[in-house]
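Notes for the one structure printed next.
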Amino acid sequence: MNMMSEAAVEKALDKKMNDMTYKMIGNDVSVYYGEKRALFDVNLNVRENTVTALIGPSGCGKSTFLRTLNRMNDTIEGCRVTGKITLDGDDIYDKEIDVVELRARVGMVFQKPNPFPKSIYENIAYGPRIHGLARNKADLDQIVEASLQRAGLWTEVKDRLHEGGTGLSGGQQQRLCIARAVAVSPEVILMDEPCSALDPIATAKVEELIHELRANYTIVIVTHSMQQAARVSQRTAMFHLGQLVEENDTDKMFTNPDDQRTQDYIMGRFG
Amino acid sequence: MSTPLILLVLAIFAIVCYVVGTRRALAIAGGLSFRLHSRQGYYGAFVAICAIVPAAAVLVVWLVASPLYINSTIHDGFPAEVKAQSEAQQGLSFGMVNSLARGMDVLTLEEIDAVGANPAELRSALGAKGVPLAGDPEPWMVASAGDLNAMQKISNRVMTAIVLMVALAGAGLSYVRIAPRFRARNRVEKVILSALVLASSIAIVTTIGIVMSMLTEAGHFFGRVPAWEFFFGTVWDPRFAAAGAGAASDGQFGLIPLLAGTLYIGFVAMLVAVPVGLFSAIYMSEYASPRVRSIAKPLLEVLAGIPTIVYGFFALTSVGPFLRDISAQLHGLATGEYVNFIQAQSVLTAGFVMGIMLIPYVSSLSDDIITAVPRALRDGSLGLGATKSETIKKVVMPAALPGVVGALLMTASRAIGETMIVVLAAGVAARMQLNPFEPMTTVTVKIVSQLTGDLEFTSPQTLVAFALGITLFAITLCLNIYALFIVRKYREQYE
């Protein structure tokens, strides 16, 4: 891909983003852990083909919000969600919605790389297998290769697909987990501090990957690094004490935020 | 001083040393404990340790060595005609001397004088004081007993003196070493470390001792019966030979039928315990709510605390008769003829009850292993849209599998070593057959039956128990080592 067309693609994506197509809409979302309220009436919309960064000090509820988007909070004992979240207009907390199907459409990458103790191939093939995405072995091989290509891992691991996934380096493991999420062809990918356990070089690779994935997926990323948010995202949402403080274009957010608290946090005055 | 009194004195002395040492250290530092290398308590502890550890060691050595020396001296002093007697006779005489010596301690000097050298009177006088004698003591015995008492008295005095001197010397030498830069903490910690090492080596040394004693006895057995006849013999028939019968009536000691029974019953037990235990472990670790888990898990583990003899009763009085009756009913329904095809004592009865006994082991061990699978793996799978059961089947269980296999091997070694259930429920006939409804017997049952009797410990009938025991030990040891190896390898994956 040459520079021109890359710029053109970028422009097209930005245009699409500015058309205000909302992939997911969060309406008055509140989360309780038992008696404790972790999130207060958050209204946050996620735009299609956009990287949305969630920032804020520890314990501000950004990870909690992220996990409501594919109902990973369901697995936590005593967690309750109120409000409404839609994916392409469908309420994901509706009784009719199958949580398994939802998670196939809204994939997730975790803070710590968590490859299964299986081979690289099996790690990628796991999702397509359980969702029946491949008709035969050739199909599956093709999905595995394409996913690894997407995650920029193919050239590094193509000769050792059948070796253990846990034997890779931390950064490779995290890209393996991204490839694993990509393999089930989700529409949205949630990333919970995907680089916090990685060194700067691996971080740069994952960030580059996130940037490329934007073309095909809607991405929501939680991060503690302001620079990372500035580098990878187009939209940024700032959380504080369980409330959404501000949501804005990343450029504006980091140069001229509307809210004083955002200003303070970005300048490093708290958090 | 008597030994307990010496110990008490040493203990009090240690406390004094601790206090004095601590004060001295503080005084040297001018009351400012930060000037000392170690906290002041370590100086006190150092003095106390130096005072009592060598003294206690001397005490122990003396207590072991002095009776040996005194006894041999007394023995040497026996008259020549006594020494000419058989060893057993000499032992009896020595016993007499010993009890005489103990008795003469009880009597006052006047009483001894009153009795004089009249042995018969001495016996009745002692009897009145509650010290029985086996026979009338001979005059030389009285003299020997007097010697014995005198030597013991001297020994005790010397011991007391030496022990107390060693304690004082230790305390004094360590007291003068107290200085601000003296590294008391390092010394004290070294002593504590060696105490810990000592404690943990006791278990190991005991194990080695048990193995050695079993090996010795088994060696005696293999001196009488060829090893290949034992390990590869297919007939178990250890005839309890009548006295005077020839070597031909020693019987046959084939291990194979016993081993077959052991493995068969163990296999049936595992058939019951593994699925039930594993399923319950999966339920406990993956599905049960914390409330259910907090109640059900301890309940399940109570099952592990029931003595196995109780399971044996259960098998003998409930399960066995029940299986027998139900088999008769089934046979009757099928053919019209009520014949029980399951014996009350059978492989099935013993295996089934043993399986129930093993359920808590399987479930508790597996539960721990399944719970140890990192939450991140579950999240990763659920985050891809896998269902809970897919996650368990394809991610959690494969990850836990090596550990679970290790747990199962440990359970199997338990099944092989289990005794009371099979004694009561499996039967005693050593047979080689495949019908689970018939009785078979196990290695452990035969060990019990070979050792519970009046046979002397020199006949192969009794010695075979040790050969069986060491075989069983070897099997379970191998299983356990292999299991530990697997479990350890599995643990490394997540570290």
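A Cβ is built for glycine as well, from the same backbone N, Cα and C atoms used for every other residue.
Per TrEMBL, the features are:
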DOMAIN    B:259-483  domain 'ABC transmembrane type-1'
TRANSMEM  B:6-21  transmembrane segment
TRANSMEM  B:42-65  transmembrane segment
TRANSMEM  B:158-179  transmembrane segment
TRANSMEM  B:191-215  transmembrane segment
TRANSMEM  B:263-282  transmembrane segment
TRANSMEM  B:302-322  transmembrane segment
TRANSMEM  B:342-362  transmembrane segment
TRANSMEM  B:463-487  transmembrane segment
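Below 8 A, the CB atoms of the transmembrane segment (B:342-362) and the transmembrane segment (B:263-282) form 3+ pairs separated by six or more positions in the chain. Among residues of the same chain six or more beyond the transmembrane segment (B:158-179), those with a C-beta under 8 A of the stretch's C-beta atoms are 1, 6, 9-10, 13, 17, 20-21, 24-25, 28, 43, 46-47, 49-55, 58-59, 62-63, 66. Outside the transmembrane segment (B:42-65), and at least 6 residues removed from its termini, the chain residues within Cβ reach (under 8 Å) are 3, 6-7, 10-11, 13-15, 17-25, 36, 155, 159, 162-164, 166-168, 170-171, 173-175, 178, 182, 184-185, 187-188, 191.
Within the chain carrying the transmembrane segment (B:302-322), a Cβ under 8 angstroms from the stretch's Cβ atoms is held by residues 344-346, 349-350, 352-354, 356-357, 359-361, 364, 418-421, 423-425, all 6 or more beyond its ends.
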